[in-house]
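> Structure incoming, see below.
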C-alpha cells in the first residue's frame, strides 16, 4: 500500500463521516416493489422494471466477480424505500464534495496524485464520467447506486457497464477515500479526473484493457479467496500483478519468438507457466501471488496485441 493510500485511510478512520451510513428504513417485504417506477419494457432486465434499480441478476456475465462478489444492493431496506431515501428527480441524489469522505471539519479528504504508466484503473459507467478507482475495488466500497451496474443496450460489449483501463503516461488526479452512501460502507479509493474518461483516452493517457487478462485475474482472486481462505480486501494486488506481467512478457519475448519461430518458444512459455502454476498451488498466498505475476509474463506472448482507443 502506498504512503498516500495509507494516509487517506487513516484520515478516513478518524473522520466522523465514517459512521454516517444511512439508517435502516422499514418496508413491506410482501410488497417488494412498492414505490418503484415500473416500466414494462424493462421488467426482464431491471429489478422491479425500474431503470434506477440495476439489473435483475448482476451475478452473471463477464464482469470480474472479485468486484461485486460481496455487494448486497438493498441490505437494509426494500427498493421503494431505498429510492425514497436516495432518489431525486427520477434518478438519484449523490453525496456532497464529489463523494469524497469528509474530515471532522466537513472538508473532503483528498490529495493530488499522479497515476503512473502501467497502473490499472476501472469504473462502472460510461466514458463521459470523471471517476475511476484502483482496479478490482469491491463495488460496495465505491458507494455507487445499483443503476451503475446496468449495461447500456447500445453497448453490450461492456457487461455491467464495467471498464478497465491501463495508464500509459503520467496523469494527475485527485485521490481520496469514498464516503459511505447508498447503504454501502464505501471507503474505497476514488480518483477524480479533471477531464472525462473519453477525453483522457483521446489524449492518450489510457488504453482500454479487458478480456482474457481480466477474466484470468478474476479466476485467480476467486480461487485465493474461496479455496485458500484469503482476505478479499487484500486480493486487489493479485489481478493487478497478473495484468502487469502480461505487457512486459509481450515486450521481453517478442524478439525471441520472432527469431526462433512460434512453435518452440510458445512450448517453452507454456512449460514455464505450468511450473509456476504448481507453485501457485503451494500453501503460501505470497508465493502464489508472485507466481501469478510471473505466469502473466510467460503468457503475455500468447496475446501479442492490445486494442487502443
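Just so it is clear, glycine is given a Cβ too, placed from its N, Cα and C backbone atoms.
Unlike curated records, TrEMBL annotations are generated automatically.
Since this is a predicted model, take the numbers as computed values, not measurements.
Features from TrEMBL:
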DOMAIN    114-205  domain 'TNT'
SIGNAL    1-19  signal peptide
TRANSMEM  266-299  transmembrane segment
> Mean pLDDT for the domain 'TNT' (114-205), as a whole number?
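Here the mean pLDDT over the domain 'TNT' (114-205) amounts to 88.
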> Tally of helix, strand and coil residues over the domain 'TNT' (114-205) according to DSSP?
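Going by DSSP assignments, the domain 'TNT' (114-205) contains 17 helix, 31 strand, 44 coil.
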